[in-house]
Number of protein chains: 2
Amino acid sequence: MYIKDIGEHQLLSIINQYCDQTINGDDGAIIAFDSDRNLVVTTDILVENVHFSDRTTPPESIGYRGVTANLSDIAAMGGMPIGITVGLSLRGDTEINWVEKLYQGMKKCLAPYNINIVGGDITKSETNTISITALGKVSASHSIYRHQAQVGDVILVTGNHGLSRAGLEILLFPEKYSHLPPQIREKVIFAHQYPKPRLEVIKYLYELCQYGYRIAGMDSSDGLADAILQICHQSKVGARLDRTSIIVDEAITTIIGRKTAFEWVLYGGEDFELVLCLPLNLAKKIQQEFGEKCQIIGQITSSLEVQIIEQQNSNLQLSLNQKKTFQHF
Amino acid sequence: MYIKDIGEHQLLSIINQYCDQTINGDDGAIIAFDSDRNLVVTTDILVENVHFSDRTTPPESIGYRGVTANLSDIAAMGGMPIGITVGLSLRGDTEINWVEKLYQGMKKCLAPYNINIVGGDITKSETNTISITALGKVSASHSIYRHQAQVGDVILVTGNHGLSRAGLEILLFPEKYSHLPPQIREKVIFAHQYPKPRLEVIKYLYELCQYGYRIAGMDSSDGLADAILQICHQSKVGARLDRTSIIVDEAITTIIGRKTAFEWVLYGGEDFELVLCLPLNLAKKIQQEFGEKCQIIGQITSSLEVQIIEQQNSNLQLSLNQKKTFQHF
């Protein structure tokens, strides 16, 4: 039996047997380190022609996005990063300039957080592959897990969704969208190529709640819908989303029309926003601090469904359950 | 300009510009974590047909060796491991059984240290690649670096060298050596396929020297000669090795003859022993605890050369300097 016969889901369940049984299904792993601080660690692999191609992503952006994906996982666990390691497998015919641009992109993403590339390995391969491991600190009282959402929590997102997916579209089919205003194209391409991890929100939460909090959450790397469904699944709750609170950026609507735009907002992925389930008063403080991009888009319910409601007419517009979505992805 | 045009050494110096300038050239990176404990981290990539092939290495051994290489790097920094992450890139036509055996090998190596696989990532690729990151704890007073050897230190190895190289030879050319006794072939094949990290030595040193020590060292993953030269280079010292103290296992001599056997002992690599430079009395305590496999093979000198001396007739047998050896590898 081969991997191609069973797919990722079943392969993961086989591999999970060999992994730490106390760690499951979060963006990163939290490991006991000292009495008051734990270590949070996360790993991502980027493979040429699977996760990136020269067609859509210059090397600087590959490095930047790779680091963002990892730092976003650290943020999603409530951690602050302390460093990353980079493992590179490279074809001999890779240009030196490509490697330099890759590292420049990584450094650019790391710079605002004052952290470094602390280690790594380089080796030959037939396929260019970048494996990044990010390390962070988190205290037990500030750890964020997917499984701890509670009925009555509001759901807050730290920014808009769907822009990265729209950027990918423009990069894949540039001629098709060449008639659009440059500022629209540039906006979504930038969102795709240089997404930011939302560490500033975690930093703010540490300062605001020095003695800790209970927040459930993850990042939206696999899409907003996926994040909400994962949190609900692991917390054994449901959610009721307010259609009008879910912002659809005008740029996306201009590119692809209203209906598909909303699909991209829900399922697009790679926006690397945080999706947090927390008490209303805490959510409001985050909104006050970071402005209108932080939106409360719904709340956690005891029903196990995730529903999207158009508030004006109370029409049920969309109802997702885990099963439907696992087929979807 | 392409990677193939400049080689690993120059590529590393380009990449190092983008890395933490306070960390250089040790087996792993030590990062400040809490007031009394630091984090030590190391990454290794194993690529199909570069670092392993089904011809010489069953998947269980690939997993085992991959973990040993990483835990050995943790030991070489004076650390004790707390967990590993595993990033896998796999071809679709990889057998599930191969993946299971790989993880079984990793678990087998981890088990004696009571640590786990704490995280990872899986992705498709055209080249099977395993990226392992090991995490450990080390206190500042017990950190081992390459640069802190001092004149007068003795050089201690925690076990014999060359066995792994001999095992590789038998695996590559089985017919050529089919006339040899099975116990000889099995001994060196086992040494190649299931090498152990020398964490028990680090554990003992922690217990013996609770307030710390000053030890220089690294592991012999790239060979005994390489380890001594690296330590001498970074500590700006030389070494005088005693030819008769460097044990050449009879099995190696039986396989390849006296002259090449000694070359393999010096340059073979992948034995994953520790090469430690430390005061004589501390070295003697390690020998008392771990027996005759721990050998004092020479001492650190102020001359910048690394010389091997046949004590009986004081003939200079071999004199290496950094330049010669950098060409050698």
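Note that Cβ sites are derived from N, Cα and C of the backbone, with glycine treated the same way.
Under DSSP, A:THR42 (Mg(2+) 4 binding site) is assigned to a strand (E or B) in the three-state scheme. What TrEMBL lists as Mg(2+) 4 binding site is A:ASP27, A:THR42, A:ASP73.
What TrEMBL records for A:ASP27, A:ASP73, A:ASP219 is Mg(2+) 3 binding site. If you draw a 10 Å sphere around the CB of A:ASP219 (Mg(2+) 3 binding site), it holds 26 other CB atoms from the protein chains shown.
The Mg(2+) 1 binding site annotation in TrEMBL covers A:THR43, A:ASP44, A:ASP121.
Within the same chain, residues at least six positions away from A:ASP44 (Mg(2+) 1 binding site) with a Cβ under 8 Å of its Cβ are A:GLY66, A:ALA69, A:ASN70, A:ASP73, A:SER131, A:ILE132. Summarising the annotation, TrEMBL assigns Mg(2+) 2 binding site to A:ASP44, A:ASP73.
DSSP assigns A:GLU270 (substrate binding site) to coil in the three-state reduction, placing it in neither a helix nor a strand. In this view, A:GLU270 (substrate binding site) is surrounded by 22 other Cβ atoms within 10 Å of its Cβ, with every protein chain counted. Positions annotated as substrate binding site by TrEMBL: A:HIS51, A:GLU270, A:PHE326.
What TrEMBL lists as ATP binding site is A:TYR103, A:GLY120, A:ASP121, A:ARG146, A:SER221. The Cβ neighbour count for A:ARG146 (ATP binding site), using a 10 Å radius over every protein chain in view, is 23.
Taken from TrEMBL, the feature Mg(2+) 5 binding site applies to A:ASP222.
Annotation comment: TrEMBL describes A:25-138 as domain 'PurM-like N-terminal'.
What TrEMBL lists as domain 'PurM-like C-terminal' is A:150-304.
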Residue among binding-site residues A:ASP27, A:THR42, A:ASP219, A:ASP222, A:GLU270 with Cα closest to the Cα of A:ASP121 (Mg(2+) 1 binding site): A:THR42
Rounded Cα separation (Å) that holds between A:GLU270 (substrate binding site) and A:SER221 (ATP binding site): 4
Cα separation, A:HIS51 (substrate binding site) to A:THR42 (Mg(2+) 4 binding site) (Å, whole number): 17
Between A:ASP27 (Mg(2+) 4 binding site) and A:TYR103 (ATP binding site): CA-CA distance (Å): 24
Between A:ASP27 (Mg(2+) 4 binding site) and A:GLY120 (ATP binding site): CA-CA distance (Å): 21
Whole-number Å value for how far A:SER221 (ATP binding site) lies from A:THR43 (Mg(2+) 1 binding site) (Cα to Cα): 14
